[in-house]
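Per TrEMBL, these features apply:
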TRANSMEM  53-75  transmembrane segment
TRANSMEM  87-117  transmembrane segment
TRANSMEM  129-148  transmembrane segment
TRANSMEM  177-199  transmembrane segment
TRANSMEM  206-224  transmembrane segment
TRANSMEM  249-269  transmembrane segment
TRANSMEM  281-300  transmembrane segment
TRANSMEM  338-358  transmembrane segment
TRANSMEM  389-409  transmembrane segment
TRANSMEM  415-437  transmembrane segment
TRANSMEM  449-473  transmembrane segment
TRANSMEM  485-504  transmembrane segment
Amino acid sequence: MDTGTPTKRANAATLPDGNVSTRASTVVDSDAALLARLGYKQELKRVFTPAEIFGLAFSFICPYPAIVAVLGFALPDGGPVGLVWGWAVSAVFVMFIALALAELGSALPTSGGLYFWTYTYASPRWRRLLSWLVGYSNTIAYIAAISATDWACATEILAGASIGSRMAFTPTLHQTYGVFAAVIMCHAFIASLASSVVARLQNFGMVLNITLCLAIIIALPAATPKEFRNSPSFAFGGFDNLYGWPNGWAFIMGFLAPLFTIAGFDAPVHMSEEASNAATAVPWAIVISSALAGVFGWGINVALAFCMGTDIQGIMSNPIGQPVATVFFNSFGQRGSLVFVSFAIITQFLIGANIVIVTSRLTFAFSRDGALPFSSVLYRLHPRTNTPVNCVLASACGALLLGLLALGGPSASSAIFSLGVAGLYVAWCIPIASRFLGGEKWVPGPFSLGWWGKPVAAIAVAWMSFAMVVFAFPTAPTPTGANMNYMIVVLGGWISLCLGYYYCPVYGGIHWFEGPRANIQNEELTEDGIGGTGDLQDAEKMSL
């Protein structure tokens, strides 16, 4: 595969000759031409509008359900200061990641995304290994994200049951796993539906998520009783340190909540082959959703800081089992808190469904390039729905197996959260760095940062490197087996397996993995009117 060729193909796209009756069909034809110049034929249906791609992107990083799930990571490390200002600091820096990924997504809009970019821009000496590592890190990160999201959904469902029973019911880990498994099976069913059905679902999710963010910001201060209302000095300056870290590092550990929340920037990228006007819709979906998540999330955290009372330890140890559910119970009472927890469950459920959908598209793309075990089985579309059902089932089974780790207790479930985000950071960091360090020619897409691309990428890589260090730290400075952070063990073990598989004698990827490979033939290019002689030569180079 010629390193410079995909970039030329991606940015030299022209509309096919012939009469086009509608603007929509023109855009779809242009998208198919662009994909063909990257070496792939159009197999999935392009039914996602730009608004629906944004809806999917925002659902991934919508702060309301995510804060409900991860507030317990912020409150013990910094209290209100960690909650409010830790979020603000992190939200600014993660925007650099979003901008860097958006620019790459505009230049090369394929469902493979990160590993495809890595192969295109990395140095010829390292491109195959790095593409392999990025593809596998991205895949395991999304499978871990399914586990983490659906585990959070299960705990929220059972927290609602606790509130409904007036704390008479306290769920066990095994009960939580049972609900978790049921949620994953529901998501596998949804992800197997036709893309047109899944696309329309995004409109509902987008409206619901934005409405709930505004509702919490407005309703929580209005409903909170006087005894739980906090002064501005406490909400913006109160500091709690429950785990014993030095105060400065405790504040940094509070970054975990926003880092877990504002993640999954590349989700729209993996839907590129189902998106209309992908080279423009995908990058703008990444940027706008990330910015809105930062703003809405900060507003929700400020509302919580003003309305949660001052007993942080009591919130963390409440038998409800969810810090946000405890705050809602104190502010809204039993019925009101059940309403908001129920909506959190609905939005969390929709997020989980979208993660399974995106994971299946990533798995489909990676198996299309022959990189995964049983790729010939995974790289299939259901004849009725035209969706990668085998990839859906494989992703769901992987998440169920990974979810077994959560039976080990809070530290184990935290490791799943960390594995999902740290795996994504590994997968994001390498292509962003490769674009500038690999020495290959860069031709931007419609979304371009121009001169700012390099400093934005440098800040993004530096922030991600720092964040991965934070992910590896245990809950307390003197960890025990119960509160140890096993993320480094899990992530390190996974990377070791990937490298072992790559370098395995006889059967390893080093012997057969050549990076992205074309699946479009010269005849298909000419019959569809996609390109001329130059395009055919490019496709031939890619297939080598």
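The first residue you see is number 1, and the count goes up from there.
Glycine is no exception: its Cβ is also placed from the backbone N, Cα and C atoms.
Bear in mind that TrEMBL entries carry predicted annotations, made automatically and left uncurated.
Below 8 A, the CB atoms of the transmembrane segment (415-437) and the transmembrane segment (129-148) form 3+ pairs separated by six or more positions in the chain. When Cβ-Cβ distances below 8 Å are used as the criterion, the transmembrane segment (338-358) is approached by residues 56, 59-60, 62, 64-66, 68-69, 142, 145-146, 149-150, 152-153, 156-157, 159-160, 163-164, 183-184, 186-188, 190-191, 198, 201-202, 204-205, 208-209, 212, 215-216, 264, 267, 270-271, 322, 324-325, 328, 332, 392, 395-396, 399 of the same chain, each at least six residues removed from its ends. Counted over residue pairs 6 or more apart, the CB atoms of the transmembrane segment (485-504) and the transmembrane segment (129-148) come under 8 Å in at least three pairs, which marks the two as touching.
Touching of the transmembrane segment (129-148) and the transmembrane segment (389-409) is concluded from the presence of at least three CB pairs under 8 A, sequence neighbours closer than 6 excluded.
With pairs at least 6 apart in sequence, the transmembrane segment (281-300) and the transmembrane segment (177-199) have fewer than 3 Cβ pairs within the 8 Å limit; the two do not touch.
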